[in-house]
């Protein structure tokens, strides 16, 4: 129980207010919304397949090489592992046993990582000789019950940020959402088409920045104007942001 346990004694992926892991929350949401094991596996396979394709096409070029002491230099995302539905189907439930549907294959894996980006006014950027990649147009934060709605933050944040920006879903050219688990119903033709957290990993604290960077790069590559970035967070929070491609 959260009221009787030290936060430092809880697993790193547990929600502090409930002491429940995010995987248990995902399993419960999958059952509540009728998302099957097969649908989750299919979506996870999609993420890995798209990430592999993007990597092979040289689209994931924002990785800064890092020398790991005693090991080789990391030059690219190394968690991308396209598998098969047959292999994924052999894995046992990772959280709710024996009948859960969330497994290691359809969950984002823990990984080390960091990300950074520079944010300033357009006037300041141009004065310093920088060419912006994108505008940050609008953003919202929401919060809901962390017990039953822990991972639903993007669902609540998305309509609010669209309303704030005066846009509709049809105006959005690229979607970059944190896909902690394969439980959801996004517009797949525009959604995480270079892979996502399921295939690239989820380094806590770095994923949000990574999402914004990927959205900006996709807008430029695909000739879009608006990108929608969203993620869930601890405490039942949800964040959503509208980015707009800077004129080329």
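FYI, residue positions are counted from 1 along the chain as it appears here.
For all residues, glycine too, the Cβ spot is worked out from N, Cα and C.
Per TrEMBL, the features are as follows:
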- 12-123: domain 'Thiolase N-terminal' (DOMAIN)
- 130-244: domain 'Thiolase C-terminal' (DOMAIN)
Composition by DSSP (helix, strand, coil) of residues within the domain 'Thiolase N-terminal' (12-123): 38 helix, 9 strand, 65 coil
The domain 'Thiolase C-terminal' (130-244): DSSP-derived helix, strand, coil residue counts: 39 helix, 34 strand, 42 coil
Local confidence of the domain 'Thiolase N-terminal' (12-123) - pLDDT mean: 91
